[in-house]
Each structure stands twice: as structure tokens, then as C-alpha cells.
Amino acid sequence: MLFKQQALLRQKLFVLGSLAIGSLLYLVARVGSLGRLQPICPIEGRSGSHISEQIPLRTLQFQRGLLHELRKGNAMIEQIRLHNLVQQLPQAIIIGVRKGGTRALLEMLNLHPAVVKASQEVHFFDNDPNYAKGIEWYKGKMPFSHPHQITIEKSPAYFITEEVPERIFKMNSSIKLLLIVREPTTRAVSDYTQVLEGKERKNKTYYKFEKLAIDPNTCEVNTKYKAVRTSIYTKHLEKWLKYFPVEQFHIVDGDRLITDPLPELQLVEQFLNLPPRISQYNLYFNATRGFYCLRFNIVFNKCLAGSKGRIHPDVDPSVVTKLRKFFHPFNQKFYQIIGRTFNWP
Ligand code: A3P
């Protein structure tokens, strides 16, 4: 009898204990996501006015879920109307540079509750057949969002494609342009590594980086090699400056985005007139990946795909030195134009 009573008591204590732990976990989860979600941003609108809107946390969580469903193509037309969701042309574009960290930048900006991203590279302005489909086709490629949110897309080929600045200018002459750059030689090697991996996947052989980057006839840097040309940032930027004033660009330090992303993201928030919402909570270093990963809330976090952060092949140090010497004057010009310097050798 006494044994039965004790068992009953233990059972009751177990249920009470589980309830207490469950409630505690729930509270922690709420607090964890509060910092990111609750204070909804007064975003400076395109007209320059501030829209100050307080949306309760539960509504926001529901809306996030709804946006997720929309992305998966599951939501109903009525829901789109009911929640006043729209597809908007981007108010900011990450124009490049290839291998600069464009994916990391887009994904990290998407941590901000007022930012929605086009998940795929749209290649509207650099691809003639796509461009011929018209601006409504482009808009149709954008995610659903609330009118107060801003849409961002990234297509790194825009930066180096001749026709793109004029085409973007025709769409929106006051659009904000984000360019993420890395030390030019490292970027060129990263570019090469991506192509090499593609060749290896198809069981094809490929030249060594040194053979491509140095002209065997002159022993000088081979400026016909695309990975070298792409890293001459000033040459490309000058073409954009025929259409847009330099103030319309924000240059992100892609090397620092790897080692210490938060300050770079805070500068972008300022440039986009967004209230600061991305915090250290949203970014954690993953030692296995060797990179920062993203934390949306207590349950949802993610690292970038394995194709981001490849191991680069060793490059002959004399070739590295030659390339760095080659890029030096172009880098100086680039610093002068953008009014910011980087720790490039
Ligand atoms: P590597 O593969 O050379 O390391 P992009 O998205 O423009 O193709 O750029 C890819 C680069 O983003 C990678 O180049 C990687 O170094 C960099 N990167 C920056 N932050 C990263 C992150 N948090 N996770 C993975 N890669 C990141």
C-alpha cells in the first residue's frame, strides 16, 4: 500500500517537473526570438519618410510562416490578399563581385526582419533572353513581402557585365547598390577553384592556376584571364559610375565578413536605412565549417552550403607576389574612388 502511494507521488512529481521544464523552455525560446522579431522597424520609406509600425510577435511569427509557405508555393491567393503581400522590385541589389561572399551577404541580411531575399540568382540584367522578357517577368521572380519590407536580389555577374549599369538605371535610378569585394588575388584563386571543381566533377582535366594567370610568352600577368580581369575592381566600377554617383554604392569588406561579419552587416543596415536588428545572437562561429553560420532563433539555424568556403589549391608564391604587385595600382585607385581602404597587400 505504502509502496503504491510512493509510486503515485513519484508519478505526480514527474508530471509537474516536466510541465515546469516545458514552460521554461518555451519562455527561453520566446525570449531568444524576441530580440530579433519584436521591435518592428521604422523603415525609412522610398519617399524618405519613416513608417513606424508595431506588429505583435505572434502576428510576425505567423507572417514569417506564411512567407515560407508562399516561397514553397503553398499559400492561397486569398492569404496573399488578406495579408497585403506583394512582389516588389528590389530596392537594393548585390551586384557582385563573384566569389566576394555574395551568398553570405544576402543570407546574413535576410536575418533582418525587414529584408526579404530572392533566393535564386535572377540574372535579369546580364542575360539578354531574360532581359527581353521584361520588367514584369523580373518582378515575378521576386519573393512575396509586406509593403514595408525591402527586397534584395544578388546576381554577381552584374558587376562585370557591360550592359547592366544602364539597364538597372533605367529600372530605378535611385536604387541602392551593394558590392562585396575580397583581396583581389585571393578572389581570383577562389574563382579558379570554383571552375576547377566544375571540371573535376565532369572528370575533365584543367590547367594549373599559375599557367592561366601568367602569360608564358611575356611572363607577365595574363590580363586576358577572366579571373584576373574580374579582380580589377576599379575598371568595372568606373563603368557603373557613368550612371550612378558613388554615394549610391556601399562596398562591403568580404574578407571581414568572413572573420567578423557583424560590423560589416551593421554598416549595410545603416546604408539601407534599416534599424539595427542583426545582432551577435544571429551569428555563431562553427568550428567544423570554419565559418560563421546563421541563427534565426533558438530552433532554426543554418550554415552556408559546402560549395561556399572551398579549400584553395596552393599557388606558387612568386605568382602570388606578381599578382599582388599587378593589382596594387588598381587597388589604390579603387580606394580613392570609394573613400575606404582595405588591408590588401
Ligand atoms: P571560398 O570558397 O573561396 O572560401 P560567393 O557567395 O560570392 O560565391 O562567395 C563565396 C565565398 O564566400 C567563399 O569563398 C567564402 O570564403 C565566403 N564566405 C563569406 N562568409 C562565409 C560564410 N559565413 N560561410 C561560407 N562562406 C563564406
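Even glycines carry a Cβ here, placed using N, Cα and C.
Nobody curates TrEMBL annotations by hand; they come from automatic prediction.
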Of the candidates CYS219, CYS293, which does TrEMBL name as forming a disulfide with CYS303?
-> CYS293
Given ARG103 (3'-phosphoadenylyl sulfate binding site) and CYS293 (disulfide bond), what distance in Å do their CA atoms have, once rounded to a whole number?
-> 12
Provide, as an integer number of angstrom, the distance between the C-alpha atoms of ARG310 (3'-phosphoadenylyl sulfate binding site) and CYS293 (disulfide bond).
-> 15
CYS303 (disulfide bond) and LYS99 (active site, for sulfotransferase activity), compared by Cα position, are separated in whole Å by 17
Tell me whether CYS293 (disulfide bond) sits in a helix, a strand or coil according to DSSP.
-> strand
Quick one: of CYS293, LYS308, HIS312, which recorded positions lie within 10 angstroms of LYS99 (active site, for sulfotransferase activity), measuring between C-alpha atoms? Sequence order, please.
-> LYS308
